[in-house]
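Working notes, structure below.
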């Protein structure tokens, strides 16, 4: 396959599936199996940087608010308002989520060789069930004020989201709603907690960058990143709209359809 077409497909799939609750890693594995398209480490780094840039741009005002309140807290030059305290709690929550996500992610990384194609399809079904359950407006716990417990549960779920076929955004939003957070807040927690995880992952992969074979030139790499960025902006807006309008069951239907089609083809 021509490299230009390959990077366009990879950029499209990464941009769309990183934010929609359909598992980007699961879809990239499907590309590898059926279209013989693999994801070199250097390209993986560029694509993930492009998608995290989408989150930063989309939540730029919210991120600026959090940065300013953190600086205000460090300098202690003025009294903290109730809103400031709420923002500080969100920062603490994201830090706790990141810590437990890293622990689970490291554990899962050690066993990634055991992930079979059938397991990925099973995980697609698990994700579809979680998305369907979100539409029931479940609220089993009311622990949203317990920052540590909330960070623990969401962090574990986000770590599990590293498994191919499990949607990171889907499982973290499910966990947040389970804890009693609103849909809007759950979405915010899910996407903001993605930022430190992606940057941490890019940092760990940086050394591997110089050990990998460069099969794409700089133009092709940048082209793929641009496509990932453009479609990422589209998909994050679409996901926000569909979550607010209780339309996530569409993604459940999509994932079940993908699994059925794959079983038919295989």
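Residue numbers in this text run from 1 along the chain shown.
Cβ coordinates are placed from backbone N, Cα and C, and glycine is handled just like the others.
Annotated features, as they stand in Swiss-Prot:
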type	residues	note
TRANSMEM	4-24	transmembrane segment
TRANSMEM	39-59	transmembrane segment
TRANSMEM	88-108	transmembrane segment
TRANSMEM	114-134	transmembrane segment
TRANSMEM	147-167	transmembrane segment
TRANSMEM	186-206	transmembrane segment
TRANSMEM	214-234	transmembrane segment
TRANSMEM	246-266	transmembrane segment
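Take the transmembrane segment (214-234) and the stretches 4-24, 88-108, 246-266: counting Cβ pairs under 8 Å, 4-24 has the most.
Here the transmembrane segment (39-59) lies next to the transmembrane segment (4-24) in space: the count of CB pairs under 8 Å, restricted to residues six or more apart, reaches at least 3. When Cβ-Cβ distances below 8 Å are used as the criterion, the transmembrane segment (88-108) is approached by residues 66, 69-70, 73, 80, 147-148, 150-152, 154-156, 158-160, 162-163, 188-189, 192-193, 196-197, 200 of the same chain, each at least six residues removed from its ends. Between the transmembrane segment (246-266) and the stretches 4-24, 114-134, 147-167, Cβ pairs under 8 Å are most numerous for 114-134.
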